[in-house]
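Q: Pasting in a structure now, in structure tokens, and then I'll have a few things to ask.
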């Protein structure tokens, strides 16, 4: 009796398969749940491939996936293919100073886009990216550009200005 109930619960939750394609062209199949975090997925890749999570960058639909988010947050469904890029050098830290004087520390890569950086700020502070304006060396930073495009290096400080709705 107990067993059949458990079985039913598992069937209802239902896992799904996704594929992870590496730069060498190898495809790894993973069993996941929509509620799995990206961190969980990286742990599964480590189990299969022995690659430490901190060396993994996962890309889906051109976006780099953030550890704290879930597969369903990114609308990753069964049979979706993620791309795995290895992060060889360590990342770097940058600082983001808000108007209230608070300083946020972020782990980034020179190849991260401004959009990625805004997503990281959202994860830490809960501020939606469309309300964020980032300023560096007096310039407003464009979403599609990367940190290296602006010559933003480790320990650089960006300034965060909030864009109020409308206007």
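Cβ atoms are placed via backbone N, Cα and C, with glycine included.
Swiss-Prot feature annotations, pasted as is:
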type	residues	note
DOMAIN	1-15	domain 'Ubiquitin-like 1'
DOMAIN	16-91	domain 'Ubiquitin-like 2'
CROSSLNK	21	ubiquitin cross-link
CROSSLNK	26	ubiquitin cross-link
CROSSLNK	42	ubiquitin cross-link
CROSSLNK	44	ubiquitin cross-link
CROSSLNK	48	ubiquitin cross-link
CROSSLNK	63	ubiquitin cross-link
SITE	69	site 'Interacts with activating enzyme'
CROSSLNK	78	ubiquitin cross-link
SITE	83	site 'Essential for function'
SITE	87	site 'Interacts with activating enzyme'
DOMAIN	92-167	domain 'Ubiquitin-like 3'
Q: Across all the protein chains here, work out how many other Cβ atoms are within 10 Å of the Cβ of residue 83 (site 'Essential for function').
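A: Step by step: centre on the Cβ of residue 83 (site 'Essential for function'), count other Cβ atoms within 10 Å, giving 17.
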Q: So which of the recorded positions is most packed in, judged by how many other Cβ atoms lie within 10 Å of its Cβ, out of 21, 42, 69, 78?
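A: Counting every other Cβ within 10 Å of each candidate, the maximum falls on 42.
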Q: Among the recorded positions listed here (26, 42, 44, 78, 87), which has the Cα closest to the Cα of residue 69 (site 'Interacts with activating enzyme')?
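A: The answer is 42.
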Q: Using DSSP with the three-state reduction, classify residue 83 (site 'Essential for function') as helix, strand or coil.
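A: Once the DSSP labels are grouped into three classes, residue 83 (site 'Essential for function') ends up as strand.
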Q: Using DSSP, how many residues in the domain 'Ubiquitin-like 3' (92-167) fall into helix, strand and coil?
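A: Summed by class, the stretch gives 18 helix, 28 strand, 30 coil.
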Q: When you measure from the Cβ of residue 63 (ubiquitin cross-link), which residues in the chain that are at least 6 apart have a Cβ under 8 Å away?
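A: The answer is 74, 115, 116.
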Q: Sort the recorded positions 44, 48, 83, 87 by C-alpha distance from residue 26 (ubiquitin cross-link) and give me just the closest.
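A: Smallest Cα separation from residue 26 (ubiquitin cross-link) among 44, 48, 83, 87: 83.
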Q: If one measures from the C-alpha of residue 83 (site 'Essential for function') to the C-alpha of residue 44 (ubiquitin cross-link), what distance in angstrom results, rounded to a whole number?
A: 14
